[in-house]
Every structure is written in structure tokens, then in C-alpha cells.
Amino acid sequence: MNLRKLRLLFVMCIGLTLILTAVPAHARTITNNEMGNHSGYDYELWKDYGNTSMTLNNGGAFSAGWNNIGNALFRKGKKFDSTRTHHQLGNISINYNASFNPGGNSYLCVYGWTQSPLAEYYIVDSWGTYRPTGAYKGSFYADGGTYDIYETTRVNQPSIIGIATFKQYWSVRQTKRTSGTVSVSAHFRKWESLGMPMGKMYETAFTVEGYQSSGSANVMTNQLFIGN
């Protein structure tokens, strides 16, 4: 085979590789409790009861619909192994763009858990009929807006380790938005400065949550960056 043919074969192989790696993951719809990995992102649909539907799209994108529920969470992000702190993981941020149609109490947020100590956390950018609150800890400015910080305690409630008592940490934006950047690590650092300790990271995910409500959301963009 001459040099020209070898070069042509090489170019054809490279082109085929690029085409294969560019093929998007097939969309998949789930309706009951399930977790797994899709298109490079960890996902989970969790509900206690009611009607739910979650369509897993390419990358971090997904859509969600719910009605007649008690509590339901739809999310795509990253589940860690609870061995490293957010400091050890490096900077965490999320770029997102969504349409959000809450028919009652629901949140558009960054959500997750830590262990040792066990804590559930929310960075809420938009909500439905109820704006989350709790014991006020302070406020700070991030990503073009001011967030109010609250702490609550859940007693004998479901958690990632079963029924437990644990803290909830909240950053709630004063003005709603449905697109932008969330500098997740900036919230973690602010919480710690206010005496709200972060443990080993279990999860960070872009999340739609509904509580005793109906609604829908379409998360067109959800890009999670870790260690940048």
C-alpha cells in the first residue's frame, strides 16, 4: 500500500472515531424509582407515591413531569463515594438552562448530600408557591444575585442511610431564575463560614423537586464541572 493510500485510510479511521464518539445517547423515559448512569451523568428518580415521568436526554439534560405526588425528585449529576470533601474534589460548578412550570410547591435547584456529618443541601434558583425558609443564617452574593441562607433539622426522616435525623442547608436566591451558572463550591464555603459543616461528598446534582403538587420542567442544559 502506498503512502497516499495509508494517509487516506488514516483520515477515514479518524473520521469514523469522531462520528462514533459524537453520537448522542438514546433518550430514555422512566416512571418509577430508579438510579443509574446515562450519557456520563448519574441520575435518579425518587418518589414516595404519585405519577411521575423522567426522560433522560443527552449529557446532563432531562425533562420531568409529576402529578398527585407526595414528594418526588428528578436529578442528574454526580454521585461520589463519600471519601472526599469538596475541598479535595476541587471547585464544583453547574451551568444550566431550563423551563420550569411548577403547579404548586416545587424547586429548581442544585441538590445533594454529605456524610460525616450527614447533611442534605439545596441551592434553590426558582420555586413554585412556596419559597423555602428556616433558621436564618445570613446572606451572600454569588452568580449575579443574592442568596439567603437557612438551616433546618429533619427528625427521623428518610435519608441516604435510611431513617435518620440530619441537618438541611439552604441557599435560596432572592429573585427567581431558570438559567445561569451556580458556583456550587462558593455556597459550600459560605455555609462552612457560618458554622454549617460539610462532610464527605456523596452527591451533587441539578434537580427538580415537587412536593404535594403537579408540574413539569425541561432541563435543556446541565453541565457539571468538577475540579476546575
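A Cβ is built for glycine as well, from the same backbone N, Cα and C atoms used for every other residue.
Computed from a predicted structure; not experimentally measured.
If you check Swiss-Prot, you get these features:
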- Glu120: active site, nucleophile (ACT_SITE)
- Glu209: active site, proton donor (ACT_SITE)
- 29-222: domain 'GH11' (DOMAIN)
- 1-27: signal peptide (SIGNAL)
Considering every residue in the domain 'GH11' (29-222), what is the mean pLDDT value?
98
Glu120 (active site, nucleophile): tally of other CB atoms within 10 A of its CB:
20
Do me a favour and check the Cα-Cα span between the residue listed as 'active site, proton donor' and Glu120 (active site, nucleophile); whole Å is fine.
13
For the residue listed as 'active site, proton donor', just give me the three-state DSSP call.
strand
